[in-house]
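The annotation active site, proton donor/acceptor is assigned in Swiss-Prot to ASP102, LYS197 on the grounds of sequence analysis. What Swiss-Prot records for LYS165 is active site, schiff-base intermediate with acetaldehyde.
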Amino acid sequence: MTDLKKAAQRAIELMDLTTLNDDDTDQKVIDLCHKAVTPAGNTAAICIYPRFIPIARKTLDELGAEDIQIATVTNFPHGNDDIAIAVLETRAAVAYGADEVDVVFPYRALMEGNETVGYELVKACKEACGEVLLKVIIESGVLADPALIRRASELSIDAGADFIKTSTGKVPVNATLEAAEIMLTVISEKNTKVGFKPAGGVRDAAQAAEFLGVAERILGADWVSPRTFRFGASSLLNSLLHTLELADAPKPTQGY
């Protein structure tokens, strides 16, 4: 197997296959569940809006794919600074049956100099999650400033995040190697049990390999696993399957 094929295989096993569109329906989520069961093995998770969790759970059970985790989003996509609403949404997501919650950090508040609300929001949402995994989306493409990307990562980890995630996929700049370098360095300094999720903008096996390479350089090859590394993506899967010669070439897409 070539290095590119190895990267494609790993990326599928590390993928949160995502649909977070305004026109999502039960049928689109059912289709997503079927796609997550690939000829190259199952993706790590699917990521969907909370209201679709019950139909996703039913579908994955019917497919015998109980190992695929169900992730959802809260305080999404704008990262508002209302802690009470973020906590209510997170509690509701857990009640729906989410295995993982991706919450948006109040990044605009941080840009305005308020560090406290981000820390408190993540801390409160982690408490609401209990044993459910909490990923914190810092929206690195909007923060832009390396110092702000670093600070959002530090605050999230200090507040109890299980993962830090680059992006919502709803802004012009999503996952970048520069942001990955900063975020993974913070993980190496603070707590190597915390995971990292680049989301949006990873289009093919070559790009996936670049992100994996940064993680391995900073934290070691043994660190990378579904417990510590995920790709958030919608259009990436078809490209990876094509690399593995298990699907036709993907059509151009604007997908996440």
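Easy rule for this one: first residue shown is 1, then count along the chain.
Glycine too: its Cβ is placed from the backbone N, Cα and C atoms.
The structure, with features from Swiss-Prot marked on it.
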residue	record	Cβ neighbours (10 Å)
ASP102	active site, proton donor/acceptor	29
LYS165	active site, schiff-base intermediate with acetaldehyde	28
LYS197	active site, proton donor/acceptor	26
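LYS165 (active site, schiff-base intermediate with acetaldehyde) sits 8 Å from ASP102 (active site, proton donor/acceptor), counting Cα to Cα.
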